[in-house]
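Copied over from Swiss-Prot, here are the features:
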- His68, His140, Glu206, Asp281: divalent metal cation binding site (BINDING)
- Cys20: S-diacylglycerol cysteine (LIPID)
- Cys20: N-palmitoyl cysteine (LIPID)
- 1-19: signal peptide (SIGNAL)
Amino acid sequence: MKKCRFLVLLLLAFVGLAACSSQKSSTETGSSKLNVVATNSIIADITKNIAGDKINLHSIVPVGQDPHEYEPLPEDVKKTSQADLIFYNGINLETGGNAWFTKLVENAKKKENKDYYAVSEGVDVIYLEGQSEKGKEDPHAWLNLENGIIYAQNIAKRLSEKDPANKETYEKNLKAYVEKLSALDKEAKEKFNNIPGEKKMIVTSEGCFKYFSKAYNVPSAYIWEINTEEEGTPDQIKTLVEKLRKTKVPSLFVESSVDDRPMKTVSKDTNIPIYAKIFTDSVAEKGEEGDSYYSMMKYNLEKIAEGLSK
């Protein structure tokens, strides 16, 4: 059913494109700005920090929605077709699940490493462990700030290649942004070093904090491993509850983009409170705390450190 709906949306969008053939890529129209598409709000924000007002930027997956499985709207199809440059996460995020991004770029006749690029290129990939997804890549690399820096470097490189006239601006913005992220990363490592070992475990609904765990030496536990599998089954909850009863973990966390009911059940069964909602697959709405990649990571780091220090 999803596939049929997706194809209908594609057809409608391309009909609209045919009727508006004057709206093309910046190269074809002579526009001074690149048309750039990012698959989600995190990648879009990093891109914005590098490019500023030098590009026209469209983000596909709306704030607060799950990028693992998404159904592009006609506007997304149109923007993708017109794009000079497309940034996606890769490593099993948009190309896993219902493979919505693969279908989108194929229908837009875009080519990998010419029109669209994975911003995660160069990341030290961590793999999933559960039976249903074992051996597949864990996509949540951005939850390690060092990987966020790699994302920014890849974005700046591709922008400079496509738009050499603004290369100096992109490189200057990259330098300032990397310094900002590096300072936060250093602060986080110092903060987590001071938390007692028996309290040091981040417990979330989705098992998306493996990169975070490795970077900041904080073991992780979860109800389900990735959002493309079953979420919050009785067996999943039971397994986590049994694990937590053997620990001294003081706080639980729930992600802003998932149903919080399974974690509430875990909290009730273990008598461990949910300390805070944290961000994983999306930034917050504009004007709210966590509405950029930097501020969402700063918020996460502060809340997790506070919760584990209880």
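Think of each number as a place in line: the chain as shown, counted from 1.
The backbone N, Cα and C atoms fix where each Cβ goes, glycine too.
Keep in mind that this is a model prediction, so the values were computed, not measured.
It is Asp281 that, of the binding-site residues Glu206, Asp281, has its Cβ surrounded by the most other Cβ atoms within 10 Å. Summary of the divalent metal cation site environment: with the site residues His68, His140, Glu206, Asp281 set aside, the chain residues having Cβ atoms within 8 Å of the Cβ mean position are Asp66, Pro67, Leu93, Pro139, Cys208, Ile226, Asn227, Glu255, Ser257, Thr280. A 10 Å cutoff on Cβ-Cβ distances gives His140 (divalent metal cation binding site) a total of 23 other Cβ atoms nearby, all chains included.
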